[in-house]
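Reviewing the structure listed below.
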Amino acid sequence: MASVPTHQSEKEKKNDELSTAILKDKVKPNRLIVDQSEQDDNSVIAVSQAKMDELGLFRGDAVILKGKKRKESVAIIVSDESCPNEKVRMNRVVRNNLRIRLGDVVSITPAPNLSYGTRIHVLPIDDTIEGLTGNLFDVFLKPYFLEAYRPLHKGDIFTVQAAMRTVEFKVVETEPAPACIVSPDTMIHYEGDPIKREEEEESMNDIGYDDLGGVRKQLAQIKEMVELPLRHPQLFKAIGIKPPRGILLFGPPGTGKTLIARAVANETGSFFFLINGPEVMSKMSGESESNLRKAFEECEKNQPAILFIDEIDAIAPKREKTNGEVERRIVSQLLTLMDGVKGRSNLVVIAATNRPNSIDGALRRFGRFDREIDIGIPDAVGRLEILRIHTKNMKLADDVDLEQIANECHGFVGADLASLCSEAALQQIREKMELIDLEDDQIDAEVLNSLAVTMENFRFAQGKSSPSALREAVVETPNTTWSDIGGLQNVKRELQELVQYPVEHPEKYLKFGMQPSRGVLFYGPPGCGKTLLAKAIANECQANFISIKGPELLTMWFGESEANVRDVFDKARAAAPCVLFFDELDSIAKARGGGAGGDGGGASDRVINQVLTEMDGMNAKKNVFIIGATNRPDIIDPAVLRPGRLDQLIYIPLPDEASRHQILKASLRKTPLSKDLDLTFLAKNTVGFSGADLTEICQRACKLAIRESIEKEIRIEKERQDRQARGEELMEDDAVDPVPEITRAHFEEAMKFARRSVTDNDIRKYEMFAQTLQQSRGFGNNFKFPGEQRGSDAPSAPVPAQDDDDLYN
C-alpha cells in the first residue's frame, strides 16, 4: 500500500514539470552562454573552432545574434582557441544591444543573405558629444568604418573612440533594412538632432520576462495562452482547437499583473493597447461603447496584438447588481466584441482585477475570458527573485543577505519589496547627508563612490514597511521561542507533531498515506499562555501567524461576517505555511440554536457554519493549521470539536512550581536583580497564580523600583541646590545610580498587591470538563486484535507518559 502515495507523488511531480515545460530553454548547439570578450571590438564575436565547425561557419562570416526582448544584432564571427565550447565572447556594446548580461544565453544563426548597404543613417547620443568641435564624420565615423567591414542592425548603438573621446552613435536606418554590412561604397548620413540619453534609456528599460520574479508558474500559463497562439497559430490548427481569446489576471494589488502584460507584449513584439477601466466611461450616450469598439478595431489592424484592460471590474460589474444603464450597455458591448474576435486572428485580450467576483458572470465563461490566472502573494523563493531584480542596479555592501531578507518579508508583494529597496537606499543617502551640500552644483565623486546600501539600512526599511495585501489582517512571524514558555513539555511536543512535522517531514505522511491533523484547541484558565504557545509554534517552523480576535469577525451587515471568515481563510492559504489563531473562539463558535432571539437573525450561527465549511475545505496541499483558544470550552459547538476539525483538545493548566520559576525567569530576563533575590522561594509561595498574575507581580516590583529611583534623584538634586544656595563647596558628582537593581524589598511590597485571577471554583469547572473528556476517550483501553501473542521483537505500543502535566486531563 505504501507505494500508492509515492506513485501519486511522482505523477504530481511530472504534472508540475509539464506545467512549466514552456519555460525550459531548449538545448541547441547554437545557444551559447555569454562571456566577456578579450578584444574590445563592437563588430566581432568569438567562439571556439570546434563550435564553428559544428555550426558550419567560417572565420569572417556574418551572423545574426538573438538576445532578450526580441532584440537582434549582427556581427562577424572569429575563432578563439581559449574560448570554452559552450561560450561566446562579446564586448559590452554588443551585450547592451541584445539586452543581455554576462552568463545569459544568446542564439547564433548564419546570415548568408546579409548584403552590403547602400546607405545608413546614424545619430550621436547627446551627452557624448557635449563640447565637441570638429566634424563628426572625419574624426569619428570615417576612420571607424574604413578600419573594417562592419555589419550594423537597425536600433544598434556603437561606440567610437578617437581624439581622447568616446562617442556613442545609434543606427536609425539601414538600406536594405533591417541590417547590412557597411562597405567603402555605403553612404553615411549623420544629419539630425542628437538622440536624448533619457529617451534611449527608457527604451533600454523595456520590461521583459527577466523583470518578473515570483510568478514562474503563472508566467508558464500566460506564455502557453499568449505566446503560442501569437507565434505558432498552426499548433492549434493542427490539433483542431481554437486558440484562447482572453485571460483574466487577478490577485492582490502590487503583485505585478500590469507588469506581466507589458512584459508579454515586449517579449512577443506584439502591438500593445492599454485600456484603463475608468477611462472608457463617458457621460455622452453611446460614447463609452464607441471607445471600446475603437480599441478592438485598432488591435485588429495591428496584429499580432495584445489588448490589456486594467481594472476591468470598473467597466464590467455584475449587471443584476448595477443600477446604471451605461454599465449594462458596456458589459453587453464587451461581450459582443469578445465573441466577434475572429477565430484565427492574432489578438489576445488580457484583463486584470483585484476583485474577480464582482465581474459579470457572462464574461467569465469559456470563449471569452477562458483562463483565470491567480497572481498571488509570492513565497520566499519568489521574494528572493524579486529582490534580486530590484537590487541588480543597486550598490550593495558585502554584509547584505538577500536570502535572509526574503525569508523575513512574509506577505510582501512585488510592489512592497520595491518600496523596501528604495527605502533602504534612501536611508543610506540620509546617513551620508552631512557630506552632501545641497547648494553645490556637483556632489564629490568620493561621496558617490562611498554609497553602498547596508544590511542595517534594510533592517530600518523593514521596520517601516508592512505588506500592503495583508494590511487588514496583519500576517506576522512572531519572535516568541520555546524558551519564553515555562514548563508544558508535553504540550510543546504535541504542538511540534501537529505543525512542525507536516511542514518539515511531508514525505513521512505520504509514505503512510495519511493527511496530517489540521487543528487544535487550547482550553484552560485565562493567563496561562495559550496565545504565547501558538506564537511560539508559528515561529519555530517559520510559519506566518494570523491572529483573529473572535468578536472582530461579527458585523451588523447581513452576510458580511461570513465573508470576513472566507477572507481570513483565503489570506491564510495565500500566506501558507500559516497558523490561524482564533483567540476567544467561544465568541464565534457558540453551540448553535441557542440564541435565535437576540443575535441579529442568528449571525453567530451563520459564522460558525462558515468556519466549519472552511475547515473541511482546507486544501490538503496548503499547510494551514488552526489553533483555537478559549476559557469556556463547555459552550463551544460540538461540531467544531469533532475529529477532522479541532480534533486535539489540550488543557493548559495553571503553572506548577517549576513552570512558575521558568515564567518568573522569562519575565525578568532583561531586568537587573540583586544577588539575594530568591525566585525559587517566590515560585513556591505563589500557588494558584497564572502566568499573567506572575508577570503582574514582576511589573509592579519594577514600577516600585522606578518610583524609588526617581524620588531619590529628586532628593539628591534638592540637597545639591540647597548646598549651592548656602555657598557650600559642591562635591564632585559621580552620577551614582541610586537604585541599581530590583531588591527583595520591592518584591515583598509587590506581593502585598498580588492577586489570583483564577478562583478554585473556576479550576474545578475546567477539571470536570477535562475529566468528562477523558472518560469519553477511554473507550478502547482493553482493545486487542485476536490472534497469536506478540513476540518479544514485535514493536510495542508507546506507553503514555504519566505526567502530572498530562495534555488531556
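For all residues, glycine too, the Cβ spot is worked out from N, Cα and C.
Owing to the predicted nature of the structure, the values given are computational and were not obtained by experimental measurement.
Annotated region 'Disordered' per Swiss-Prot: 1-21 (among others), in sequence order.
Within the chain carrying the compositional bias 'Basic and acidic residues' (8-21), a Cβ under 8 angstroms from the stretch's Cβ atoms is held by residues 216-217, 220-221, 510, all 6 or more beyond its ends. The compositional bias 'Basic and acidic residues' annotation in Swiss-Prot covers 8-21.
As annotated by Swiss-Prot, ATP 1 binding site applies to P253, G254, T255, G256, K257, T258, L259, N354, H390, with the evidence given as similarity to another entry. Listed in sequence order, I207, D211, L212, G414 are the same-chain residues six or more apart from L259 (ATP 1 binding site) with CB atoms under 8 A from its CB.
Annotation source Swiss-Prot lists ATP 2 binding site at G527, C528, G529, K530, T531, L532. Around the Cβ of K530 (ATP 2 binding site), the same chain contributes F522, Y523, G524, A629, I652, each under 8 angstroms and 6 or more positions distant in sequence. Secondary structure at K530 (ATP 2 binding site), as computed by DSSP, is helix.
The region 'Disordered' annotation in Swiss-Prot covers 779-809 (among others).
If you look up Swiss-Prot, you'll see 803-809 marked as region 'Interaction with ufd-2', on the strength of experimental evidence.
Among the binding-site residues G527, G529, T531, the residue whose Cα lies closest in space to that of P253 (ATP 1 binding site) is T531. Predicted-model confidence for the region 'Interaction with ufd-2' (803-809) is 46, expressed as mean pLDDT.
Cα of H390 (ATP 1 binding site) to Cα of G529 (ATP 2 binding site): a span of 41 Å. Across the compositional bias 'Basic and acidic residues' (8-21), DSSP assigns 13 helix, 0 strand, 1 coil. Candidate binding-site residues: K257, H390. Fewest other C-beta atoms within 10 angstroms, H390. For G529 (ATP 2 binding site), the same-chain residues 6+ apart in sequence whose C-beta sits under 8 angstroms from its C-beta are I485, L488, I652, I663, G691. Sequence-distant neighbours of T531 (ATP 2 binding site) (same chain, 6+ residues apart, CB-CB distance under 8 A): S547, F581, D583, A629. If you count neighbouring Cβ atoms within 10 Å for each of the binding-site residues P253, G527, the highest count belongs to G527. The most densely surrounded of the binding-site residues C528, L532, judged by C-beta neighbours within 10 angstroms, is C528.
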